[in-house]
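Q: Let me begin by handing over the structure; questions about it come next.
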């Protein structure tokens, strides 16, 4: 693009310089030394060159429009001739004006070439943006819709997973609650059994104490009975000894008596002896039977007390074993209960954390969706702004195209005003101008873009241009 712009710039500048040099040679001829007769030729050609340069650019035509010949009246040139110094000064002024106009024309051509290059660059950007916009129109809404639908499906799937996980956790929680209630009920039953066992143990201890007291009392009774039996045995033995002594003494006496007494007395003594022996044997047998009965009763009572004591000890040991087993079971149930409660708290905390994470994820996805919507809205605003810029650029391009066509039409018009000019050899005599001020209407068009809408305002301005009297008097 820069090469084409530079080529167009060089072509237009070369064309204008060739036209200007050709019109200069046609009007003024080759640059020989000036003569007094060439003054009228140069002075008359100033108006034609002013017309030619007035068609070169809007600025030069606006600036040099005041030098056009007035509609009413014409300058009358006297027959006097100017001297060589005046022709020299006019020629220098004309050359300076021509050089300034050529420089301004060159600058305007450069600016115009830059504008053309900028317009081409903006047209390329506009075409690229149109392609991107068409691609974005064709793809991005569907893609954004697909992304939104996919994210919504993922969110729904995550919500379903969360719902199922929540239901599962609730079922587990209900099961754990039921297990906990059963364990609590079992713990209460075991606690009640333990209390009953402890109460029975207290009663058994009381019974054991009573049995111990009874046993001690019975042992004391047994000891007293044994002492009594021993005393009775001793008494019986003493009685037996006394009886034996008495019997022996009686036998001795009987022998002595038998020797002296009659046989009737011996028989009587023998009867008495037999009676006493029967009484002694009967007393001994009764004492032995009483002793045996008492001993049997005491043995039976001791055996009964011993059996009751043994049963009480056995029941006490069994109660102790039951209490120990129940205590161990209660401790185990307490540990299980604490573990279940801890697991329940951990599950609740984990569920709360997961729910918070899912809520944060849902909020993040909603925020991303909102950002995507904002970005889409921003892209649409940028696209609208680009459309506005494109519209403004199209308007500017059309304006520059019209200006360029007008300039080219002005340049291509053949110069006929040079032949109609009469070459005078006299110094012009100034007459009062009928219209010293020329009026010019200027159309000002302003193009603005407000809120995506193009606003075009036009205004007309009346411009007054005074003739340069010093320039006119210089003729």
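Glycine too: its Cβ is placed from the backbone N, Cα and C atoms.
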Q: Look up 42, 66, 224, 438 in Swiss-Prot and give me whichever carries the note phosphoserine.
A: 66
Q: So if I measure Cβ to Cβ from residue 383 (3'-nitrotyrosine) and keep only same-chain residues at least 6 apart in sequence, which ones fall under 8 Å?
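A: The list for residue 383 (3'-nitrotyrosine) reads 133, 136, given in order along the sequence.
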Q: With DSSP as the yardstick, break the region 'Coil 1A' (104-136) down into helix, strand and coil residue counts.
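A: When I sort the residues of the region 'Coil 1A' (104-136) into the three classes, I find 33 helix, 0 strand, 0 coil.
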